[in-house]
Each structure stands twice: as C-alpha cells, then as structure tokens.
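Participant: One structure follows; several queries about it will come next.
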Amino acid sequence: MPTLRPSAMWPLWRLVSLLALSQALPFEQRGFWDFTLDDGPFMMNDEEASGADTSGVLDPDSVTPTYSAMCPFGCHCHLRVVQCSDLGLKSVPKEISPDTTLLDLQNNDISELRKDDFKGLQHLYALVLVNNKISKIHEKAFSPLRKLQKLYISKNHLVEIPPNLPSSLVELRIHDNRIRKVPKGVFSGLRNMNCIEMGGNPLENSGFEPGAFDGLKLNYLRISEAKLTGIPKDLPETLNELHLDHNKIQAIELEDLLRYSKLYRLGLGHNQIRMIENGSLSFLPTLRELHLDNNKLARVPSGLPDLKLLQVVYLHSNNITKVGVNDFCPVGFGVKRAYYNGISLFNNPVPYWEVQPATFRCVTDRLAIQFGNYKK
C-alpha cells in the first residue's frame with residue numbers, strides 16, 4: 001500500500017481529531033475545513049485559520065486500521081479515513097469500508113457520481129470531491145449518506161446545485177463551479193445547514209429565485225467572486241457572516257441590509273461601491289467587523305459611531321478625501337461598548353496631517369490605525 005507524504009496527510013489527521021470531538025460535542029462554528037489549499041488545512045472567515053486542538057490525540061501510526069483489507073487499490077486507509085486523492089481516478093472506487101467517516105477523492109478525474117457510488121457508507125461524516133471534473137450527479141447518489149455533515153465539491157464542472165442533498169448536511173462548499181441559478185426548494189429540508197460557500201460561480205442577482213433560501217438557518221454564507229450588482233434581498237435572516245467581496249456591487253441602499261440584523265461580520269471589499277445610503281448600517285446593531293476596502297467611496301460611511309460593538313473597519317484603497325472628527329466615535333462617553341482595535345485608511349487621498357487626534361478617541365491603541373501609502 002503506498003505511503004503518502006506527511007504534508008499531504010496532515011489535513012486529514014486534523015479532521016480526524018475533529019471527527020472524534022464531534023461525537024461528544026454539538027456543532028459550533030469556530031472555522032471550517034477546506035482541503036482546496038495545498039499549504040494549509042483551513043480556510044474561512046476571510047482566510048482566518050481555526051482548528052481543533054490535537055493534544056491528547058493518539059498517534060495515527062500506533063492505531064490498527066479498521067477494515068484494512070477493504071482499502072481500495074492505491075488508496076491509503078487509516079482511522080476510518082480513506083484517502084484516494086491524486087490518483088487519476090475516473091470514478092468513485094469500490095470496496096470502501098462501511099465504517100469510513102472521511103472519504104477524500106480530491107484532485108482526480110471523476111466526471112460523474114452514480115446512484116450506487118456511496119452505497120453502504122451510512123457512517124460517512126465528510127466527503128471531499130474538490131478539483132475533479134464532475135458535471136453530472138445522480139439524484140440518488142447521496143441517499144445512503146445519512147450522517148454526512150461536510151460536503152466539499154468545489155472546483156468541478158457543476159452547472160446546478162446537486163439535488164436531494166442529505167438532510168444531515170451542516171457545511172456545503174460548492175465554490176468555483178459553473179452554477180448560474182439557485183432555484184427555489186433546492187435547499188429544502190436542510191434544517192442542519194450552517195455554512196454555504198458558493199463563491200466563484202457566475203451568479204447574478206437574477207439567478208436567485210425568490211425563496212431559494214427558505215427554511216435555511218445559515219450562520220455563514222459566502223458568494224464572492226460572482227457577478228452580483230447588489231446585495232441579494234432574500235438571504236437567510238439568521239446570518240452572522242455574509243461575504244460578498246469581489247463582485248460588482250455599486251451601492252448599498254437603505255433596505256438592502258434590513259433583514260440581516262444578526263450580522264457580526266460583513267464583507268463587501270473589492271466591489272465598485274460609490275454610495276452607502278444614510279441609515280443603511282443602522283440595521284446592523286451587532287456588527288463587529290466591516291470590510292469596505294477596495295471600493296470607490298469618497299467619504300467614511302455615516303452611521304459608524306452608532307454601531308456600539310463595531311471593532312474593525314477596512315476602508316483602505318478607496319477615494320476618501322476627508323475624515324471628520326466624529327466619523328468613527330460617538331459624541332460623549334460610555335456610549336460605545338467595544339473600542340476599535342483596527343481601522344484601515346491607507347491608500348486613500350486623505351491629507352492625514354489634517355485629521356484631528358480626537359477622531360480616534362475610541363480606539364484601543366494608535367497602532368490599530370493604518371494610514372498613508374497613497375499613490376495617485
């Protein structure tokens with residue numbers, strides 16, 4: 001049986017640790033696994049890394065593999081993990097142990113998921129299909145996967161979201177495909193779904209049918225690197241994190257954020273935003289982090305002093321020419337419940353010597369303010 005290099009196996013051992021923890025603890029978002037990266041096991045929250053503590057976890061080499069005789073040819077099987085990545089596979093291999101909890105099939109040439117490809121894998125927790133050539137999925141392909149919580153099917157050739165996803169699913173990563181439409185009912189019955197990453201698809205605002213997200217209680221949604229020209233109107237109101245960076249959004253109007261009162265992180269960087277209507281941000285009372293960098297704003301958005309929990313604001317690489325003394329901090333004392341620990345204003349045509357020191361009276365440390373480096 002071939003032995004994989006340690007660097008390739010490390011992400012899987014980290015997820016094995018998570019699998020062990022997940023048997024005893026309820027789901028809690030601290031970060032999400034992503035096997036699309038070659039140089040690290042994680043990606044989430046604007047590239048923040050977050051992982052499980054591996055202290056006390058048994059050395060994988062000291063544990064006897066389960067059902068080792070059933071390991072598909074060329075794959076590496078250990079600790080109920082079956083790793084069949086980078087093998088040039090044209091289809092899902094047979095003879096996969098029924099007690100498998102993680103199946104890694106990334107970086108192959110699989111073009112289709114057939115009806116019985118995952119038959120008998122009722123204990124599967126995570127399925128990794130990243131970077132294949134999948135364009136067709138049988139409507140019952142995922143039916144046996146009654147305990148599946150994590151499905152990573154990014155970087156394929158899908159033109160639609162797969163039908164009949166397992167009701168147990170918690171996390172879906174389907175970015176970098178060819179999806180143009182999100183029809184109503186496609187997420188029906190997914191009451192456990194917490195995170196969807198669907199960036200890198202050619203999605204326009206018109207591609208979301210009314211009611212497409214009905215019934216979902218998402219915590220995290222990313223639709224970055226798409227073709228959005230505005231903030232979608234009908235996303236789940238349960239969202240804590242919404243990332244719409246690298247789109248073509250030009251303005252934020254008053255009603256755009258009305259239903260997203262639970263957001264604590266909003267990513268709108270790398271768009272074409274010129275205008276944020278007065279009062280738009282007042283619907284985000286719990287907001288802690290706001291990304292508006294790399295846009296075309298001419299001034300600091302109004303309403304920031306009223307966001308009592310706001311701690312981080314990215315405004316660099318805009319067209320801001322003036323910063324007022326009350327643009328960030330409320331007037332008076334005891335109003336703001338959390339001081340800023342990050343304000344970025346660099347690469348703006350601001351005459352920084354004219355900015356009054358009192359402008360940043362509610363910042364924890366002056367090192368948290370980033371100025372300068374403007375190039376015309």
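Each Cβ is built from the backbone N, Cα and C atoms, and glycine gets one as well.
Copying in the features that TrEMBL gives for the protein in this structure:
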| type | residues | note |
| --- | --- | --- |
| SIGNAL | 1-24 | signal peptide |
| DOMAIN | 70-102 | domain 'LRRNT' |
| DISULFID | Cys71-Cys77 | disulfide bond |
| DISULFID | Cys75-Cys84 | disulfide bond |
| DISULFID | Cys329-Cys362 | disulfide bond |
Participant: Run through the Cβ atoms and count how many others sit within 10 Å of the one on Cys71 (disulfide bond).
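Facilitator: So the number of other Cβ atoms within 10 Å of Cys71 (disulfide bond) is 21.
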Participant: Would you mind sorting out which of Cys84, Cys329, Cys362 (the disulfide-bonded residues) have a C-alpha within 10 A of the one on Cys77 (disulfide bond)?
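Facilitator: Hits: Cys84.
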Participant: Taking the Cβ of Cys75 (disulfide bond) as the centre, count every other Cβ atom within 10 Å, in any protein chain shown.
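Facilitator: Taking all protein chains shown, Cys75 (disulfide bond) has 22 Cβ neighbours within 10 Å.
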Participant: Mean pLDDT across the domain 'LRRNT' (70-102), rounded to an integer, is what?
Facilitator: 95
Participant: Sort out for me which one of Cys77, Cys84, Cys329, Cys362 has the most neighbouring CB atoms within 10 A, since those are the disulfide-bonded residues we care about.
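Facilitator: The most densely surrounded of these disulfide-bonded residues is Cys84.
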Participant: From the disulfide-bonded residues Cys84, Cys329, Cys362, pick the residue whose C-alpha lies nearest to the C-alpha of Cys71 (disulfide bond).
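Facilitator: When the Cα distances are compared, Cys84 comes out closest.
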Participant: May I ask for the distance between Cys75 (disulfide bond) and Cys362 (disulfide bond), taken between their Cα atoms and rounded to an integer number of Å?
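Facilitator: Per the Cα atoms, Cys75 (disulfide bond) and Cys362 (disulfide bond) stand 56 Å apart.
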Participant: Tell me the Cα distance separating Cys84 (disulfide bond) from Cys362 (disulfide bond), rounded to the nearest angstrom.
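Facilitator: Cys362 (disulfide bond) and Cys84 (disulfide bond) have their Cα atoms 53 Å apart.
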Participant: For the C-alpha pair, I'd like the distance in angstrom between Cys84 (disulfide bond) and Cys329 (disulfide bond), rounded off.
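Facilitator: On Cα coordinates alone, these residues lie 54 Å apart.
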